[in-house]
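Feature annotations, courtesy of TrEMBL:
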- B:1-22: signal peptide (SIGNAL)
- B:ASP39, B:ASP40, B:CYS79, B:ASP289, B:ASN290: Ca(2+) binding site (BINDING)
- B:CYS79: 3-oxoalanine (Cys) (MOD_RES)
- B:ASN204: N-linked glycosylation site (CARBOHYD)
There are 2 protein chains.
Amino acid sequence: MGRMVALTLITFFGAIICCSWTKSIPNAPTPNIIIMLMDDMGWGDLGVFGQPSKETPNLDAMAAEGMLLPNFYTANPLCSPSRAALLTGRLPIRNGFYTTNAHARNAYTPQEIVGGISKDEILLPQLLKTKGYVSKIVGKWHLGHRPQYLPLKNGFDEWFGSPNCHFGPYNDQSKPNIPVYNNSEMLGRFYEDFKIDRNTGESNLTQIYLMEGLDFILRQTKAQQPFFLYWAVDATHAPVYASKRFLGKSQRGRYGDAVMELDYSIGQILKWLRTLGIDNNTFVFFTSDNGAAVMSGPNESGSNGPFLCGKETTFEGGMREPAIAWWPGHIKEGSVNFQLANVMDLFTTSLVLAGINPPDDRILDGLDLTPVLLNSSQPLKNRPIFYYRGNELMAVRLGQYKAHYWTWSNSWEEFKKGINFCPGEEVPNVTTHEQKEHTLQPLIFHLGRDPGEKFPLRSEYQDALSRISAVVQQHKDTLVPGIPQLNMCDIAVMYLKNTCYARCVLGKNNSFFNKLSFLMKNVIQG
Amino acid sequence: MGRMVALTLITFFGAIICCSWTKSIPNAPTPNIIIMLMDDMGWGDLGVFGQPSKETPNLDAMAAEGMLLPNFYTANPLCSPSRAALLTGRLPIRNGFYTTNAHARNAYTPQEIVGGISKDEILLPQLLKTKGYVSKIVGKWHLGHRPQYLPLKNGFDEWFGSPNCHFGPYNDQSKPNIPVYNNSEMLGRFYEDFKIDRNTGESNLTQIYLMEGLDFILRQTKAQQPFFLYWAVDATHAPVYASKRFLGKSQRGRYGDAVMELDYSIGQILKWLRTLGIDNNTFVFFTSDNGAAVMSGPNESGSNGPFLCGKETTFEGGMREPAIAWWPGHIKEGSVNFQLANVMDLFTTSLVLAGINPPDDRILDGLDLTPVLLNSSQPLKNRPIFYYRGNELMAVRLGQYKAHYWTWSNSWEEFKKGINFCPGEEVPNVTTHEQKEHTLQPLIFHLGRDPGEKFPLRSEYQDALSRISAVVQQHKDTLVPGIPQLNMCDIAVMYLKNTCYARCVLGKNNSFFNKLSFLMKNVIQG
C-alpha cells in the first residue's frame with residue numbers, strides 16, 4: 001500500500017517535471033537498454049503468437065510498434081542457466097551453469113546448491129559500466145544466492161528482488177522462505193513479509209517490480225545517465241500470482257491473470273518511456289527464460305502454442321521463446337524477422353548498441369543482432385541454435401532443420417509419479433522417457449512444415465544431416481567446457497551466515513518494520 | 001494462361017471505369033455478402049492466430065481492419081455436412097447431411113454416394129433472391145453431384161467449380177476424375193482439363209477461382225445488383241496445390257504455398273472491393289469448413305494451433321475455425337470478439353443483413369450475429385456449441401466449459417494401418433481409438449485455461465455439468481432428426497448421364513484453350 005502511494009507520487013512527479021527537462025537532454029550517443037525477461041512464459045501466451053484469449057494488448061501493440069522474432073530461443077530450457085547465458089553471452093556449458101553429476105540434467109540454484117556464477121565470467125552490466133551505464137536488476141536473479149554471487153557483486157548497481165524462486169511457503173526451521181533484497185540489504189522473505197496467498201493467488205509483487213522499474217528509469221533519466229534495466233519478473237512461475245485488480249479477470253484462470261498484469265505493466269513501462277521522452281533512445285527487448293512449465297497443469301502454466309512439450313526439454317516448447325524488439329525510430333514498426341536468434345545475442349547486441357567491444361579473450365555464443373534489428377533484411381546466415389540440456393548437446397537447428405542427437409521428456413520414475421513434461425503429447429521415438437541416443441542416425445524435423453516435431457524427416461534427410469553434422473563437429477571440436485558450478489549441494493548453505501543470522505535473531509520479532517531496520521543496520525551492510 | 005490474360009483485362013477495365021461509376025451508385029440498402037470458405041484450413045494457419053511462419057499478411061490485415069472471432073466453429077468436422085449447415089443454417093442432424101448406417105461416422109458426398117441436399121431444405125441464396133440478390137458459388141459444392149442437387153438447382157445463379165473434392169487422378173474407366181462445371185455445363189475434369197500436377201503440386205485453380213470471383217463482383221457492381229459470392233476454394237485440401245508463382249515460396253512447404261496463394265487472392269478481392277468503391281457496402285466473412293487434416297502429414301495439412309487433433313474429430317482441432325468478419329465503416333476495425341459462434345450463424349446473419357426474415361417453419365441453429373458484429377459488445381449469452389460427429393452428439397460447449405459425452409479419434413483398425421487423426425497427441429481416456437461413451441460422467445474441460453483439452457476438470461465439475469446437462473436435455477428433447485440423405489451408395493452413380501455425356505463430347509478435345517474460348521463465348525456470357 002505504501003508502495004502504491006509512492007508509485008502514484010512518482011508518476012505524478014514524473015508527469016510534472018518530464019516536459020521541462022526532456023528537451024534539454026542532449027541526444028545520448030548510446031541508447032538505454034531494457035531487457036524484460038519473463039519467467040516460464042510460453043511462446044503461445046501472447047495474442048500476437050496465437051493465444052486464443054488474446055489478453056496481451058500491450059505486448060501485441062509493442063510488436064506492432066517494433067519487431068517480432070518468431071525464431072528466438074533460450075540457451076537452456078531452465079531458468080538459472082538461461083539467465084546465466086543471457087548475462088554472459090555464453091552457453092551454460094561454457095559459463096559453468098550446468099552439472100556433471102547427472103547426464104543431461106538441467107541444474108539451477110535452489111537454496112541447497114552452493115554454487116553460482118563463476119568469478120571468471122564477465123557479465124553484461126560490468127561491461128556496460130565502462131561506458132557509464134547504471135544497471136539495475138528488478139526481480140529474480142538465480143545465479144547463486146551466496147554473498148559473492150549476488151547481483152551487486154557482479155556488475156549491477158541496484159537490485160530489488162530475490163536470489164531464487166518464490167517457491168514455498170516453507171517452514172521456518174529446516175527450510176526458510178526465500179529472501180527479498182533491496183540492493184545488498186535483505187528486506188524480508190516471501191510469504192512472511194512479501195505476501196503471496198497460495199489459496200487466492202494474490203500478491204502485489206508485480207506492482208512492486210513495476211514501481212521499482214519506473215522509479216529507476218525516472219532517476220536515471222533525470223540524472224542524464226544511460227541505464228540498463230533487467231526487469232526479471234516472475235509472476236508466471238508457479239506458484240503464479242497477480243494482484244487483486246487482475247485476479248479473476250482473465251479467460252485463462254490464475255495464470256492468465258498473471259499474464260494480464262505483466263502485460264499491463266509492460267504497457268506502463270513503455271508509456272513511461274514516452275512520457276519521459278526517452279522512447280527514441282531506449283532499446284527494449286521482451287522475452288522469456290524458457291518454455292511454459294506445462295508439467296504444472298492448466299492453472300499454473302502457460303502455452304507453448306503449436307510446439308512440442310515445454311520447460312526442461314529440448315523440444316521447441318522448451319526453448320522457443322516469445323520475443324519482441326522495440327525501439328521507436330530505429331526498429332521498423334510492425335516488422336517480423338525470422339532470424340534464428342537467442343538470449344545470448346542480447347549480451348552482444350547490447351554491447352554493440354552501447355559502443356563497447358565484446359570481450360575477445362573468450363568464446364562468445366551471442367551474435368550482434370543489430371543488422372537484423374535495424375535493417376530487418378540482413379539475416380545472419382547459417383547460424384545454428386544449440387539445444388543443451390545440462391551437459392549434453394541434445395539437438396541442433398540449422399535453417400529450418402532440427403536434428404535431435406538425444407531425446408528425453410522425463411524419466412519413467414518421475415512420469416509414473418504423475419509428473420509429465422509433455423502432457424497430452426506422445427510422439428513415438430521422440431518424447432522418450434528414457435534418455436535415448438540417436439547420434440548414429442539423428443531424428444531430423446523440418447520446423448517450417450512441422451513446428452510440432454511430429455513427423456521425422458525422410459526425404460531431404462541426408463542433405464540436411466550432412467550440413468548439420470558439419471556444424472556439430474565444429475562446435476564439439478572447439479568446445480572447452482567451463483568448470484561446472486552447480487555440482488555441489490549442501491543443506492547447510494540454507495543457513496548461510498547472513499541470511500540465517502538475521503533469521504535466527506529476527507525469528508521472534510513479528511514486526512516487519514523492526515526486522516527491516518535491524519536488517520538495514522546489521523545484515524545488509526555486513 | 002488465357003485466364004490470366006482475361007484477369008488482367010478485367011482488372012484493367014475495372015481500374016478505368018470504376019471511378020466514373022462508383023459515385024453514381026446509390027447507397028444500396030443492403031450489403032453485398034461474400035463468404036470465403038477455405039477447405040481443411042486450420043485455426044493455426046493464420047499469422048494472426050499464431051502460425052510461426054506469419055505468411056498471411058492479407059488475412060492479418062483483414063483482421064486488423066475487421067473483427068477476429070477466436071471462438072468460431074463449424075457444425076461438423078467434415079466438409080459436406082459443414083457446407084450443408086452453412087447454407088441451410090441448420091445442424092446436419094436436422095438438414096439430413098449425416099448417415100445412420102454407422103454410429104458417429106461423418107458422411108460426405110464422394111462419387112458413389114447418391115444423396116445430396118434435401119429438396120425440403122431452403123438454402124441461403126434461395127432466400128437472398130427474394131431481395132434481388134444474385135448469387136454465385138466459386139469452387140467446391142459438395143452437397144451432392146446428381147443433377148437435382150447441383151448449385152443452380154438450389155438457389156445459385158452461377159457456379160464455377162466442382163461438385164466434389166479434387167481427389168485423384170483416377171483412372172478413366174472404373175473411376176473417372178471429378179468434373180468441373182461452369183453453371184450447368186461441364187467444362188472438363190480435374191487432372192485432364194484442369195491440371196493438378198501431383199508431383200510438383202502445381203495448379204492454376206486458385207487463380208481461376210480468383211478471376212471468377214473478381215469477374216462476378218465486377219459484373220454485379222456494374223449492374224448495381226446486390227450479390228452473394230460464396231467463394232469456396234480448395235487449394236488447402238489434399239492434394240494441396242499452388243500456382244507456379246507461389247510454389248516453393250513458403251517456409252512451410254507446399255501447404256504453406258497454397259495458403260500464401262489464398263491469402264494473396266483474398267487480398268486481391270478486398271482490394272477489388274475498394275477499387276470498385278463497394279467496400280463499405282460489402283460484408284465479407286472468412287472461415288474454413290473444418291479443422292486441418294492433420295492425418296495427412298506435414299506436407300499436405302495445416303495447423304490447428306494449440307488445439308487437440310483435427311478434421312473428422314470433435315476435439316477443438318476438428319471444429320474451431322479461423323474466422324474474420326470485415327465490413328469497413330460498419331465493423332469496428334481491429335476488434336476481437338469472443339462470442340461463441342458458428343457457420344450456421346452466417347445463414348441467419350446474412351438474411352438479417354439483407355433485410356429478410358429467417359424462415360419460421362423450421363428450427364434454425366444459426367443465430368443473428370449482427371449485434372456482436374456491429375456493436376462488438378453484446379454477447380449472445382449462454383449460447384451452446386454442439387459438436388456432432390455423424391449422427392451422434394459427441395460434445396457440447398457452454399461458456400468456457402466443454403463436456404464430452406463420447407470421445408473418439410479414429411478406429412484401431414485405421415490407426416494400425418497408420419492413419420492417425422491425432423498425430424503426436426495422446427490424452428488418456430480422451431483421444432480414444434474406440435468410441436467411448438462418457439454419458440454418465442462426461443469429461444469436462446475449461447477451454448480458457450486448457451484449450452488443448454488435456455486436463456479433465458475436477459473442481460467446478462458439478463456446477464459446469466449441471467448447466468451443460470440442462471442445455472443438452474433441452475436440445476435432445478426437442479430434436480427431430482432430418483431424414484438421413486447420405487446412407488445410399490451406388491457405384492453406378494459415377495456414370496450419371498449428364499457428367500458422362502459431357503465427358504464423351506469433350507473428351508476428344510485436347511485443347512484447353514479451345515475449350516476456354518468456347519466457354520467464354522457460350523457459357524460465361526450465356
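Easy rule for this one: first residue shown is 1, then count along the chain.
The backbone N, Cα and C atoms fix where each Cβ goes, and this holds for glycine too.
Between the CA atoms of the residue listed as 'N-linked glycosylation site' and B:ASP289 (Ca(2+) binding site) there is a gap of 22 Å. Most Cβ neighbours within 10 Å among the recorded positions B:ASN204, B:ASN290: this distinction goes to B:ASN290. B:ASP289 (Ca(2+) binding site) has a Cβ environment of 29 other Cβ atoms inside 10 Å. Residue density at B:CYS79 (Ca(2+) binding site): 27 other Cβ atoms are found within 10 A of its Cβ, drawing on all protein chains shown.
Taking the mean position of the Cβ atoms of B:ASP39, B:ASP40, B:CYS79, B:ASP289, B:ASN290 as the Ca(2+) site, the remaining residues of that chain whose Cβ falls within 8 Å of it are B:MET38, B:MET41, B:LEU78, B:SER82, B:HIS237, B:SER288, B:ALA293, B:LYS311. In the structure as shown, the Cβ atom of B:ASP39 (Ca(2+) binding site) sits within 10 Å of 26 other Cβ atoms.
According to DSSP, B:ASN290 (Ca(2+) binding site) is assigned to coil rather than to any helix or strand. In the three-state DSSP assignment, the secondary structure recorded for B:ASP40 (Ca(2+) binding site) is coil.
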